[in-house]
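Asks: Just passing along the structure, written as structure tokens.
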There are 6 protein chains.
Amino acid sequence: MSEFTHFNKQGRANMVDISDKDESGRKAVVYSQVKMKETVWKAVQEGNMKKGDVLAVAQTAGIMAGKKTSDLIPMCHPLMLTKMDIHFEFPEEGLIGIYVTVKTKGSTGVEMEALTAASVTGLTIYDMCKAMDKSMELGPTYLIEKDGGKSGHYQRYSTIEP
Amino acid sequence: MSEFTHFNKQGRANMVDISDKDESGRKAVVYSQVKMKETVWKAVQEGNMKKGDVLAVAQTAGIMAGKKTSDLIPMCHPLMLTKMDIHFEFPEEGLIGIYVTVKTKGSTGVEMEALTAASVTGLTIYDMCKAMDKSMELGPTYLIEKDGGKSGHYQRYSTIEP
Amino acid sequence: MSEFTHFNKQGRANMVDISDKDESGRKAVVYSQVKMKETVWKAVQEGNMKKGDVLAVAQTAGIMAGKKTSDLIPMCHPLMLTKMDIHFEFPEEGLIGIYVTVKTKGSTGVEMEALTAASVTGLTIYDMCKAMDKSMELGPTYLIEKDGGKSGHYQRYSTIEP
Amino acid sequence: MSEFTHFNKQGRANMVDISDKDESGRKAVVYSQVKMKETVWKAVQEGNMKKGDVLAVAQTAGIMAGKKTSDLIPMCHPLMLTKMDIHFEFPEEGLIGIYVTVKTKGSTGVEMEALTAASVTGLTIYDMCKAMDKSMELGPTYLIEKDGGKSGHYQRYSTIEP
Amino acid sequence: MSEFTHFNKQGRANMVDISDKDESGRKAVVYSQVKMKETVWKAVQEGNMKKGDVLAVAQTAGIMAGKKTSDLIPMCHPLMLTKMDIHFEFPEEGLIGIYVTVKTKGSTGVEMEALTAASVTGLTIYDMCKAMDKSMELGPTYLIEKDGGKSGHYQRYSTIEP
Amino acid sequence: MSEFTHFNKQGRANMVDISDKDESGRKAVVYSQVKMKETVWKAVQEGNMKKGDVLAVAQTAGIMAGKKTSDLIPMCHPLMLTKMDIHFEFPEEGLIGIYVTVKTKGSTGVEMEALTAASVTGLTIYDMCKAMDKSMELGPTYLIEKDGGKSGHYQRYSTIEP
């Protein structure tokens, strides 16, 4: 495909017509990450166990943001999400990996919902750690897997090491 | 500093007390980027000139999201932003650079507002291009500069090539 | 049942998967109340008849809040409500009873929507009367009846005198 | 019909019950306009071509507002919109015509969504031009066409020249 | 003035910098109207007295929308409103006049807040009457008076008969 | 005082004028509670320690709702909160006590913000436990203490045992 789908005949953005698309089960899995100083990274993990749970707040914020996607992204259709799950990995020192899975039954995909949830999860981690580290980095954020709809199954084959 | 500022005595997150902090002029500059296939990247730039302006929509979405920051990030204080500006660069093939500047007069900084605006700008570019490229990457997103408040001026000295 | 349904394998909250649950007609009826000084209670009732209708504002606020439930309650699924109705009783001096009925066709129940609507109805009454009485009490708020879904019909048999 | 449909037995507004109404394809087309000084009107059109695209921002705002309709209009049911499109005409000097088309599959019509989108599109044009003209006029705003549902097709036969 | 104030050097919209503008008392008064069949217009007025108060709902919705202005209008600065008042007139058969007064202490004017409140008040009247009349017209909506700030006092001298 | 402050000369609700009120430090402390079966109550406390932290989610939701108060309560002025803190007590079997403290510098009090935060904290606990107990009760919810502003210090002297 080599054309934008979001523009009308005047060349202006619109919300594309999905009235005649069939509803189907849809799923998207997204990855994002936050990179921080090792001391902060350790504090997040300890906080996770003892007291001051950064990740509990971040994950709540992420789920709430996923539900607001069509409020934030102008041409996104509103969708009734049927499942959202966020979990964390600590693949190497200084790195928090964020995995988001979203599902719906609907006429369009849910990658934007998963990407938005992942981004706001990261932003919240940043907010709660920023007094300790101003040099943190959010992302990269990308689609790992997508299922359902006309375009079928998508799986990222990537040499990127998150 | 080695302690989280967002937790109360029960170890639960709270909105930290800024009642006694002086108001001052505050500024934050943030960078983010979207990486995409060159064909899509060219289409975005052409669209930018001819018709179908992806970046006009993305930048409107980014500014609106910046104003919603305290709605999205749980422990963020609400702030009356006095300025927000977003501009784009095309530093190399396949790369769109997003620069966000936010200002306020207030008792706390505006980096979260700038980071949120930059993230949603990127997410909107992604949304409008996703039919043409499923492998796009959002971020890294980070603070370039920060001014005002007790902690003073911060400038990122970075070898990262955005 | 003795397990929380809102936690994933990492022990973190998530939005539980309702993708495979059948849609059915759903209904919830909720009760809440506001307790206030008799002079204020009389003023609310008179205002209701003559001018300055506290309850018209409160009930509008309640209905709008019911539609925002999934925005407020982190793990709530978004739902397309098909009916919402709020009415008031004055069972004894100083007491305003709030009854909320909500309906939907969907894969999950609507008690949270009814409870949220009832709570914000009460909060709005409080707001409009607080200059006259600082000792008001909101609630108790509870489910009276629930219909639809796998768990079937629920009816509160209560000795509580609202 | 000569009765309001939005009031319950206590004479209070409610969200009317659409639980038993069939879902069908629905469509609404709405017109609105902004009247301004000719110098400003020309600047909008030129900006549209060269730089500073008032209408791109206005149309993005309109589409986002259309999705917020049930958040703004108390007794409106939430609806999953399947299409929204906004385009502009310049029928005479000083006049910008706004046409909004909205579609859904659902149990109630979408004229409120189209009217809200059209109103906020106009408000945004006003905001961006107000430094140059304080005497602008928004509206009239009205329904041109409506399709779907029990009441069938509606077409405005109007001598009004938009 | 003959230049848009909302565009940056790239020709893109931004939120203009008001960081150095002094705070002052600000006020705006706005007019809007809804035109409807006389039978409906009478029903609204009677409802207003007996039961089913369309205008109480509309005015609550208008005030809530005024507070959401910076959420709806992309380049609007967030503002702490200090007063909002809406009242209605019935100047001739079939016509409901809507008057909105808004005040703030701040660095920018409040006409957008008053215009947004007036528009949503009208939209809500429309919503509650639309089952009885599909040909209603919203607007014209315009600024009557503005006070405060550098540009000083503005009063509309108009031959328009609202 | 024996008059509502929220009504204008037409007897309609409005947002009262606080333009000329001085800004001062303000504080409100609010109590709410959730009553549940002892088995559920124990599970919440254990979850609190081991995994599945109901209270972390509830408290995040409460803080976010506190910031949305003027969005939910029609006649509430928007306020820039400077501090919000929520903590929990377990005063007897089956009872979770919720204490909310809110501060601002502003022209009006913050009891509505604290009451809203406390209510949504309770609603979220309810949501996450409702699969295990349908008979839970939310509230009573009331003001414990209020400071700042013309009316001065308020302290509830209560025989109520929360």
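Keep in mind that glycine also has a Cβ here, set from the backbone N, Cα and C atoms.
Because the structure is a prediction, the values reported are computed rather than measured.
Annotations for this protein, taken from TrEMBL, read as follows:
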type: DOMAIN; residues: B:15-149; note: domain 'Molybdopterin cofactor biosynthesis C (MoaC)'
type: BINDING; residues: B:MET75, B:CYS76, B:HIS77, B:MET112, B:GLU113; note: substrate binding site
type: ACT_SITE; residues: B:ASP127; note: active site
Asks: Tell me the Cβ contacts of B:GLU113 (substrate binding site) under 8 Å, same chain only and six or more apart in sequence, or just say none.
Replies: B:ALA28, B:GLY66, B:LYS67, B:THR69, B:LEU79, B:LEU81, B:MET84, B:VAL102, B:THR104
Asks: Which has the fewest other CB atoms in a 10 Å radius around its CB: B:MET75, B:MET112, the listed binding-site residues?
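Replies: Least crowded of the binding-site residues B:MET75, B:MET112, by Cβ count within 10 Å, is B:MET75.
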Asks: Would you mind reading off the Cα separation of B:MET112 (substrate binding site) from the residue listed as 'active site', to the nearest angstrom?
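Replies: Distance (Cα to Cα, whole Å): 22 Å.
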Asks: Using DSSP, how many residues in the domain 'Molybdopterin cofactor biosynthesis C (MoaC)' (B:15-149) fall into helix, strand and coil?
Replies: 49 helix, 43 strand, 43 coil
Asks: Report, in whole Å, the straight Cα-to-Cα distance of the residue listed as 'active site' from B:MET75 (substrate binding site).
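Replies: Spelling it out, the Cα of B:MET75 (substrate binding site) and the Cα of the residue listed as 'active site' are 28 Å apart.
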Asks: Recorded positions B:MET75, B:HIS77, B:MET112, B:ASP127: which sit with Cβ under 8 Å of a chain F Cβ?
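Replies: The recorded positions close to chain F are B:MET75, B:HIS77.
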Asks: Work out how many Å separate B:CYS76 (substrate binding site) and B:ASP127 (active site) at their Cα atoms, rounded off.
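Replies: Distance between the two Cα atoms comes out at 26 Å.
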Asks: Check each residue in the chain of B:HIS77 (substrate binding site) that is at least six apart in sequence and keep those whose C-beta is under 8 Å from its C-beta; list them in sequence order.
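Replies: Once residues fewer than 6 apart are set aside, B:HIS77 (substrate binding site) is near B:MET15, B:ILE18, B:SER70, B:SER107, B:THR108.
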Asks: For B:CYS76 (substrate binding site), what is the tally of other C-beta atoms lying within 10 angstroms of its C-beta?
Replies: 23
Asks: What subset of the recorded positions B:CYS76, B:HIS77, B:MET112, B:ASP127 has a Cβ sitting under 8 Å from a Cβ of chain A?
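Replies: Going by the Cβ criterion (under 8 Å to chain A), the qualifying recorded positions are B:CYS76, B:MET112, B:ASP127.
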Asks: How does the model score the domain 'Molybdopterin cofactor biosynthesis C (MoaC)' (B:15-149) in terms of mean pLDDT?
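Replies: The average pLDDT of the model in the domain 'Molybdopterin cofactor biosynthesis C (MoaC)' (B:15-149) works out to 93.
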Asks: Would you mind pulling the longest C-alpha to C-alpha span across B:MET75, B:CYS76, B:HIS77, B:MET112, B:GLU113, which the record has binding substrate, in angstrom?
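Replies: If we measure all Cα pairs in B:MET75, B:CYS76, B:HIS77, B:MET112, B:GLU113, the largest is 13 Å.
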